[in-house]
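> Checked TrEMBL, it gives:
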| type | residues | note |
| --- | --- | --- |
| TRANSMEM | 36-56 | transmembrane segment |
| DOMAIN | 84-128 | domain 'Homeobox' |
| DNA_BIND | 86-129 | DNA-binding region |
| DOMAIN | 131-332 | domain 'TLC' |
| TRANSMEM | 140-160 | transmembrane segment |
| TRANSMEM | 180-199 | transmembrane segment |
| TRANSMEM | 264-283 | transmembrane segment |
| TRANSMEM | 303-324 | transmembrane segment |
Amino acid sequence: MAALSAWFWNERFWLPHNVTWADLADPAPGVEYPKAGHLFTALPLALVIFTVRMLFERFIAAPCARSLLIHPGVRRRAQPNVVLEKVFTSITKNPDFRHLGGLSKQLDWEVRQVQRWFRHRRNQDKPSTHTKFCESMWRFTFYLCIFTYGFQFLWQSPWMWDTKHCWYGYPYQVMTPGLYHYYVMELAFYWSLMFSQFTDIQRKDFLIMFIHHLATVGLISFSYVNNMARVGSLVLCVHDSSDFLLEAAKLANYAKYQHLCDSLFIVFGVAFFITRLVIFPIWVLNSTMFESWAIVGPFPSWWLFNLLLLVLQVLHIYWSYLIARIAMKAMSRGKVGQASPCQEGYALVEARGSYWCKPRSTTLPLPSCSMNNV
C-alpha cells in the first residue's frame, strides 16, 4: 500500500518542476493550501444534501405540484403473470408479432390481451408527472442557489476579470474559505446525485449519467488536489449558468404552461450556446492551455487536466447539436405542410397544447397517432 500510495502521489506528475508536497505541507500561519484530505468532508455533506432533498420534495415541491393540479395519480398495474414477467424482464419489453403469437398460444390468451398486458407493464414503470416535477424543482432550486453563490464569490475574485490570476504564484495559492465552500458544496452535490440515481427515476441514460457524475466528481477532485481550484471555479460557474434554466423549462412543461416552457427553453438554448461554445473555449480553455503555459509551464497533470477539458468541450458541441435539433423540431411542429409526422391522409391538429394526427374525413383525434410535445 505504501508503494502504491507513493506511485499515485508522485510529485513529478501532480506538481510543477522543483515543487514537492513538503513545500505545500507547512504553510505560514493563517495560510491554507488544498489537501486531498479536505475532500472527505464532501461525503457526509452529500448525505446531508440527500436528506435535505427528500424533505424538500415532500414538504415543498409536492405541495407546489398539487397547487398546480399535478397529482401523484395511481397507475393501473398489470395483473401478475410469471411467464410474461419473465419475458418482460429478460427478453423484451416490446414483443414482436412472433413473440406475441407464441405467448398467446402458451397462455391461451388473445393477442390483444398480451399486448395490453405489456402496455400496462411498461406504463407501470414510467414515473408520474408529479414525481418528475418534484425532482426538477429540487434541481432547479439547488442549481440556482449554487450559481448565485458562485457568481457572487467570483465577482469579488480577481481571476474572474483577469484569468492570468489563476496562475500567478501557482501552486502556492491560498485556499480561501469562500472557494473551499464553493468547491466542497459542488462536489457533495454530485456525490449526492450518484447516491440518488439508484432511487430516482430510472431513465434510459442511467449508465451514461452515472459515468457523467463519476467523471465530474473526478474532475472536481483532481483540480482541487493539484490546486487548480481557481480556474476550476470558473468551469463550475460556466456550467451552472444554464442548468437551472433547463430545469425551469421542465417545470413549466410539467405544469402545462407550454408558452412559458418554450420561452424558457429558448433562453436556455441561447445561454447554453454562449456559455459552452463561446465563453468556455475563449475564457477558460484559453487560460488553461495558453496562459498557464506561459506563466507556469506544462507538467504531466497539466496535460491530463487540459485533455479532460477538451473532452468536455467535445461534449458541449454534441449537446449543442442535440439542443439545436430539439429547437428546430419545436419550431416546425405546427407547420402541417412541412415535414408533418402524420401519414398520408392524416392532418396535424392541435388540442389542449398537444398535436394529433387525425383522419381528414373525421374530427376525432386518434391517441395512437399522437405526437407529444418536445
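Each residue, glycine too, has its Cβ placed from N, Cα and C.
What TrEMBL says about a protein is an automatic prediction, not a curated fact.
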> At a Cβ cut-off of 8 Å, and with pairs 6 or more apart in sequence only, do we get at least 3 pairs between the transmembrane segment (180-199) and the transmembrane segment (36-56), yes or no?
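Answer yes, regions in contact.
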> Can you tell me the mean pLDDT for the domain 'TLC' (131-332)?
91
